[in-house]
Amino acid sequence: MGNITGTCHDNETIDFFYNNSGKAINTQWKKRDVLIVTLGLIVCFIVIFSNFLVVAAIFKNRRFHFPIYYLLGNMALADLFAGFAYLHMMFHTGPWTIKLSPNQWFTRQGLINTSLTASVLNLLFVAVERHQTIFNVQLHSSMSTRRVFIVMVLIWLVAIIMGLVPQMGWNCTCHLSECSTMAPLYHRSFLIFWAVLNLMTFSIMVAVYTRIFLYVRHKGRQMSQHTSTTRQRETMMNLMKTVSMILGCFVVCWTPALVVLLLDGLNCDRSLVLGPEKYCLVLAECNSFVNPIIYCFRDQDMRRTFKEILCCNWSQRHKNRGFSEVKFHTVEQENGKSRIPKAKERSNGAPLIRASSEDIPASLIN
């Protein structure tokens, strides 16, 4: 990305780049601007509140002090950060945009890139963990606390790098002909890279959840042929429903925004980009408050902890009530528990799922 023209415009104002890209900045508030900002603020507060409840519940209740819940908590933290990033954007958009300096504009966009990247990566690692739990470890999660914290650190490192890359040089301040329409200081190649990267992540998630869905459906049919236990069939059906919800919500919330980013990066017609732009971003943001509903609000222990938090009942420590209804143990904790039988295996060595609620994470069963 060398400087072809030999001239950079780092000291220009925001309206210079917007005029260059053909994206107008409204100097007065219009009904559309008010609608978008109002809708965005409502979504922001819902995202912040719901994900704060999840983080607080995991911190408060020692039943959730296990690796899988740490990963879910990190996803909630990423979505909480996304809520604050969008809240910051809502107060720096519309007619307020023209008052921003280039560095402030990069900060605004970088916060969004960081938060959304962290949220997507957390969704990916949760999907991988679900896959490993169902296919490899039948009774409990095999992910150690150390491993899950390493994963969490890596997620945030990648997310922060993605947020800083445009400001550190992958922008169009020296290449005005390559400026994006939707993000007038971003280089089109960066938008293509970011959109393709997220679409690849999306494809991996589709593949992972599709395999889980097919495997669970297959096991459900086998169980229905060899047993009449209602609980077994209900467990499998609930898992399939939850997997479908996760996959469906991700597709609905993210596909429009990614398509718009690709169209902009490929220098398509401005009307195809600017028309649905803000609505697609708000829809993508909605995925941040859908995640807590799917993964945590369906857990009975999590709901009970939410009620205690909302009622300011922080004194209850659950000292005598044991662990969560569905227990999660690390490999180290499992060593020495000889009373737990090993998972049965097929002739080809692949483990079979046991028809028990302990085989599947709580957020997928309830």
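Glycine is treated like the rest: Cβ placed from N, Cα and C.
In TrEMBL, annotation is done automatically, which means it is predicted and not curated.
Annotated features in TrEMBL:
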type	residues	note
TRANSMEM	34-59	transmembrane segment
DOMAIN	50-295	domain 'G-protein coupled receptors family 1 profile'
TRANSMEM	71-91	transmembrane segment
TRANSMEM	111-128	transmembrane segment
TRANSMEM	148-170	transmembrane segment
TRANSMEM	190-214	transmembrane segment
TRANSMEM	243-263	transmembrane segment
Long-range Cβ neighbours of the transmembrane segment (71-91) (under 8 Å; 6 or more residues past either end) | 37, 40-41, 43-45, 47-48, 51-52, 54-55, 58-59, 64, 108, 111-112, 114-116, 118-119, 121-123, 125-126, 129, 143, 148, 151-152, 155, 159, 285, 288-289, 291-292, 295-296, 363
Which bits of the chain, at least 6 residues beyond where the transmembrane segment (34-59) starts or stops, bring a Cβ under 8 A of a Cβ in it?
-> 65, 69-70, 72-73, 76-77, 79-80, 82-84, 86-87, 89-90, 93-94, 278-279, 282, 285-286, 288-289, 291-293, 296, 302, 305-306, 309-310
